[in-house]
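Each remark here refers to the structure printed beneath this line.
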Amino acid sequence: MSHEVNRRQFLISSAAVAAGLALPSAPLFAQGARKVRVGLMLPYTGTYAALGNAITNGFKLAVEQGGGKLGGSEVEYFTVDDESDAAKAPENANKLIKRDNVDVLVGTVHSGVALAMTRVAREAKALLIVPNAGADEITGPLCAPNIFRTSFSAWQPAYAMGNVMAERKHKNVVTLSWKYSFGEQSVAGFKEAFEKAGGKVVKELYLPFPNVEFQPYLTEIAALKPDAVFVFFAGGGAVKFVKDYAAAGLKSTIPLYGSGFLTDGTLEAQGEAAEGLLTTLHYADGLDIPKDKEFRAAYASAFKMQPDVYAVQGYDAAQLFATGLAAVKGDVGKRDELVKAMESATIDSPRGKFTLSKAHNPVQDIYLRKVEGKENKVVSVAAKALADPARGCRM
Amino acid sequence: MDLTTFLIQLLNALQYGLLLFLVASGLTLIFGIMGIINLAHGSFYMMGAYMAFALTSATGNLFVAILLGIVLSALIGFLLEWGLFSRLYKRDHLDQVLLTYGLILMFEEIRSMIVGDDVHGVRIPEMLSASIQLSETLSYPVYRLFMSGVCIVLAVLMYWLIRHTRLGMMIRAGSSNREMVQSLGINIDLIYRLVFALGVTLAAFAGMLAAPVSSVYPGMGNQVLIICFVVVVIGGVGSVWGAFVAALLIGLADTFGKVIIPDFAGLTVYLLMAAVLLWRPEGIFRRI
């Protein structure tokens, strides 16, 4: 046994020596191509820490799969924890753009922070890829040639749900959401599709964010007796709402629908209360897409956990930037060519292939999903190649 | 609004108010009676909820988890008072704010390291998981009624403890004149340590009891912190009875605010506070 260990140690040490000898020569080869500087501005602490980590993992997985390179260029990371604090966002974004001189800024989860980043990036003409935040404005009034998004707009899943609920012959619907822009944009998207298809939103209920005392609203819903309810909630609020809705006995009499965040990353905590719920999102479990299977396997083996929609969005942010880098052979100075390659790219995403709209938001399939066990199983495509209307975008 | 709906909303309001009292009761002791500005009150609440989650998973029974949690949190409260808070009684309020704010950050970080940032749920015990049919479409979970019952019992116990026991008398005396009580041969340090531990335990207990309906998630403590201070301030700093009445008033204001003036639902509680403070600057019930 000792013999084998010795031999192994010898092999390892000799390999290390060889690597050490090889190292000094590496810069000689790398001198021509400067490393691409990637600024990750994501939440690594607080409520959204898990989401920030998933996005980072997704991004790094794509780089790893490219042999440590992105579109043929070596990558150097600059990381800032945005703490989901909108007040600190301009300073953090400026730090990455001006001090670290990053070639691309990737962030973030929280819409308020992302809006501030978008404003800074527009001003500094810095390249920005938003890997989650769904605020409609980012690819609406604030759109710009240098602003991209690889996730979704609040409008998209909600609009798709409007059609689904109309098809399911619901006539009168009550909506409920937190009173903040993302919730209001979701309700607006839903209402637009649902009323166009002949349904009627009999009442829009809002509660102050982040209040989770739902009982008065459940009582009101029970009194209004609509055909169905559409909600937007996420995280801890979503868990409590789904449980309260079931405990109030409403689940069996008034069907509940929502944007996918209602049941994403929350199923373990929601338990049986979520079983059978229908939601819409641009990603789902059980997609019959080879790329998704390959992605899930690679992610699971690299990070010892299952990927989620956030990991997919981070992965696609890297893929999108890689397309641009490949087109200019790593020369980020050729901004126009880089942007052109990015906006005309077809991204081979685990969620299914997608292209970008004129306003740089994904034109993507929105899936109808049903909660089965601890998974959001895909039921059907609720909307094929759905493009955000990009209202207010002049580009 | 027809009569049935009105009555159900009234029930909602009372139930919410009672829960608020439970959550704020610990703060009534620590802030109201001991006079410590304790911003970490929400963190104790969160700690309780996470204990309920972890211990229920380990033992399989919420009630066993609550019993264990009570012992644990009393111990934690005792140690915190001994190690940190006892050094701050004579200091400025600003020092207390700094310390307790630091504790918030530490509790969040510790939570993140031990349990992670996922949202968790706690199952309602089988025997309380039923619902009572109230109207054609709406039923009321038995567990919520059970919670209300516990809150009422607790309110009575606290009132009795502070007003009608020897310990309560010493606590009240200590809060108005520490030195005098000490010179009468009473170990006020120990009494304060016990009261502080009790305050922490009450906050944690509220978290444990509420965990099955509120779920367990990062930052949950900060959500209840402000409303707890509102309860204590409206009720009159130091008054258990005042906190009880204030909690019920807030429950009513919040619930009917959401129903009648939904666009200003976030304001009603604070409007109530402003009105009460204009009318009685020291709160509805003055210091005991």
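Cβ atoms here come from the backbone N, Cα and C positions, even for glycine.
All annotation found in TrEMBL is predicted automatically rather than curated by experts.
As given in TrEMBL:
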type: TRANSMEM; residues: B:16-40; note: transmembrane segment
type: TRANSMEM; residues: B:52-80; note: transmembrane segment
type: TRANSMEM; residues: B:142-162; note: transmembrane segment
type: TRANSMEM; residues: B:190-212; note: transmembrane segment
type: TRANSMEM; residues: B:224-252; note: transmembrane segment
type: TRANSMEM; residues: B:259-279; note: transmembrane segment
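Tertiary proximity for the transmembrane segment (B:52-80) is limited to same-chain residues at least six positions away from its ends with a CB under 8 Å from its CB atoms, namely 44, 103, 115, 120-125, 193-194, 196-201, 203-205, 207-209, 211-212, 216. Between the transmembrane segment (B:190-212) and the listed ranges B:16-40, B:142-162, B:224-252, B:259-279, the one holding the most Cβ pairs under 8 Å is B:16-40. Sequence-distant contacts of the transmembrane segment (B:16-40), counting only residues of its own chain at least 6 positions beyond either end whose CB sits under 8 Å from a CB of the stretch, comprise 85, 88-89, 93, 96-97, 100-101, 103-104, 107, 147-148, 150-152, 154-155, 158, 162, 171-172, 175, 192, 195-196, 198-203, 205-207, 209-210, 224-225, 227-229, 231-232, 235, 237-240, 243-244, 247-252, 254-255. Beyond the ends of the transmembrane segment (B:259-279), by six or more residues, the same chain brings 1, 9, 227, 230, 233-234, 246, 249-250, 253 to within a C-beta distance below 8 angstroms of the stretch.
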